[in-house]
Structure formats: structure tokens, C-alpha cells
Amino acid sequence: MYPKNGSSFTGFILLGFSDRPQLERVLFVVLLIFYLLTLLGNTTIIALSRLDPHLQTPMYFFLSNLSFLDLCYTTSIVPQLLVHLRGADKSISFAACVAQLFVSLGLGSTECILLGVMAFDRYAAVCRPLHYTVIMHPRLCALMGSASWFIGFANSLLQTVLTFLVPLCGRNKIDHFLCEVPPLLKLACVDTTVNESELFFVGVIILLIPVALITFSYGRIVRAVLRIKSAAGQRKAFGTCGSHLTVVSLFYGTAIYAYLQPSNNYSQDQGKFISLFYTIVTPMVNPFIYTLRNKDVTGAMRKVFCGGYDSK
């Protein structure tokens, strides 16, 4: 994405919510609180997964990956957004915009794949309990986790390069609060049909293939849980799986709306609030969704804060 006719080009202006100054003040306070809660909640999940031996299982390995990802995801967006909400200067350098798009898109793509991997883990735990430790071997967990990060950032590299190869003809005002592909393509002074088609195609792969895996996994899980005769066993299975399904619904619902709808139906105002949801709200609520009804995590928290670990 470069200027045409050799004109000078130093960066972009992120318009964000500048047309609503009163909303900016409210958003600053709300987003600051959400960001602090995100840092606290996700750091707690990572720390507990490392400290408590009972949480050193495949499920919590992937959950700590998700928490670390969410920490990085919000940090790549929120601090700059808070600065823009408080000041008149809404500029971002070209290099910073490229970096933000690459990092945030890479982390978002990784989360799509990681949520699918986590669904497979729940399938193995519920439907193949006797073979769970053999199926979810630490090497396989590390391989699936690494593959999620590699594929996510490989997709981001491709999208970032293709997006910034589009000529701008001097346009630099992005009607959004972050550098994201759909609003960046709207700055182009050439036909972007090919770019939009490529974005849609890759979005289908990154978003819908994990959704298909999740649907398959939970279809099998529901059938297996309904065969459990113990009501307590059914509640435990549905408890852990229900938390994951809630996170999946929140993330995929908003991401699919943002990336898989036709460009002529894309509303900038709606896009901003949808982006706020999956970049800030979802990472903040994830730790609470996973911990509120999870006895393993709440038990680990009591041990940490009440000094319940023994010296072994």
C-alpha cells in the first residue's frame, strides 16, 4: 500500500471515534478497566497453569497458550487506542501500522486455529477418556500449539503484504481505531476485487475449517455425555465444554461478521464496535468464563492466595 505519483507519505490517521468526543471519554475509562482486567485475568491463568501440578494437563497447556495470545492481542491494540482517545493526535506511522496489522492479524488467526485444537482436546477427553493421555501426548500438544502459531502468522504475513501492495494515491485517513484489512482496502484508488476475494477465501479457511472441527467434536461430545448415567459426570463434562463453547461463540460470531460479509454491506460504524468486541471484550471475559465454574482453577487459586501449597 503505497502513495502514487511519488507524493510524500509519512503515515496514517486513525479516525476511530473522533466524530464522537463524548463517547471517546467514556470509552477511555471503560477500555482502560477492561484492559487491566484482561492483564489480571490472563496472567492469573498462565501463572496458575505453571504453579499447580494438577493444571499441567493438555487442556491447561492450550488454555495458557490462549491466555498468552489474548495478552499479546489486546496489548497490540489497546495502549495506542487509549492514547488516541485522550489526545487530538490520531496519527500512526506507516511502519507502526504495518506492524499492528501483522501482529494483530497473526494473533487473531492463531486464536481461530487454537480454539479448534482445544475442541479436539475436549473430544479426546470426553469421548476417549481411557486413551486420552496417549492421544494428547505432550509432543502432540506442543506440535499442535506450534502449528497454530505458525499457520496464524503465515496467513498474517500473506495478508499484510497483499494489503500494503495496493496503491493509495495519497489517501491516509483510516475510518477505524486500528489498522485492519477491510478499512485499509477502502483507501485504495484501484479496484480491490481480487484482494477482497482473496481475503474472503483465506477467511473461509482460517475461520470455517476450525468451526467445522469444533462442530464435529461437540457433536460427538454431546452424544458421549448423554450416555453417561451419572448426573454429576454429565455436569462436569458439560461444564468444561460449555466454557469453551461460550468462548468460541463470542470470538467466531464477531470475527465471521467482520471478515466474511460482502464489502458492499460493510458498515464502518458497526465494524468499529464489532472489532471492539473481539479485540478487547472477548480477551477480557475469557479467563472469567473458564474459571467461574471450574473447580480445578478455583481450587488452585485458593491454594495460591491462601498459601495452601505444601513444600513437596
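Glycine is no exception: its Cβ is also placed from the backbone N, Cα and C atoms.
Per TrEMBL, the feature transmembrane segment maps to 26-48 (among others).
Annotated domain 'G-protein coupled receptors family 1 profile' per TrEMBL: 41-290, in sequence order. Here the domain 'G-protein coupled receptors family 1 profile' (41-290) has a mean pLDDT of 87 out of 100.
Per TrEMBL, the feature transmembrane segment maps to 60-81 (among others).
Residues annotated as transmembrane segment in TrEMBL: 93-120 (among others). Within its own chain, the transmembrane segment (93-120) is flanked in space by residues 9-12, 59, 62-63, 65-66, 69-70, 72-73, 76-77, 80, 144-145, 147-149, 151-153, 155-157, 159-160, 163-164, 178-181, 184, 206-207, 209-211, 213-214, 217-218, 244, 247-248, 251-252, 255, 278-279, which lie at least six positions past its ends and keep a Cβ under 8 Å from the stretch.
What TrEMBL lists as transmembrane segment is 140-158 (among others).
The transmembrane segment annotation in TrEMBL covers 199-216 (among others).
Per TrEMBL, the feature transmembrane segment maps to 237-260 (among others).
Residues annotated as transmembrane segment in TrEMBL: 272-292 (among others). Packing against the transmembrane segment (272-292) from elsewhere in the chain are residues 16-17, 31, 34-35, 37-38, 41-42, 44-45, 63, 66-67, 70-71, 73-74, 77-78, 104, 108, 176-178, 180, 243, 246-247, 250-251, 254-255, 257-258, 298, 301: each is 6 or more residues past its ends and has a CB under 8 Å from a CB in it.
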I need to check the long-range neighbours of the transmembrane segment (237-260): which residues 6 or more away from its ends have a CB within less than 8 Å of a CB in the stretch? 59, 108, 111-112, 115, 118-119, 122, 125-126, 181-182, 199-200, 203-204, 207, 211, 214, 218, 221, 224-225, 228, 271, 274-275, 277-278, 281-282, 285-286, 289-290, 293-294
Same chain, outside the transmembrane segment (26-48) by at least 6, Cβ under 8 Å from its Cβ: which residues? 17, 55, 63-64, 67-68, 70-71, 74, 78-79, 81-82, 85-86, 276, 280-281, 283-284, 286-288, 290-291, 297, 300-301, 304
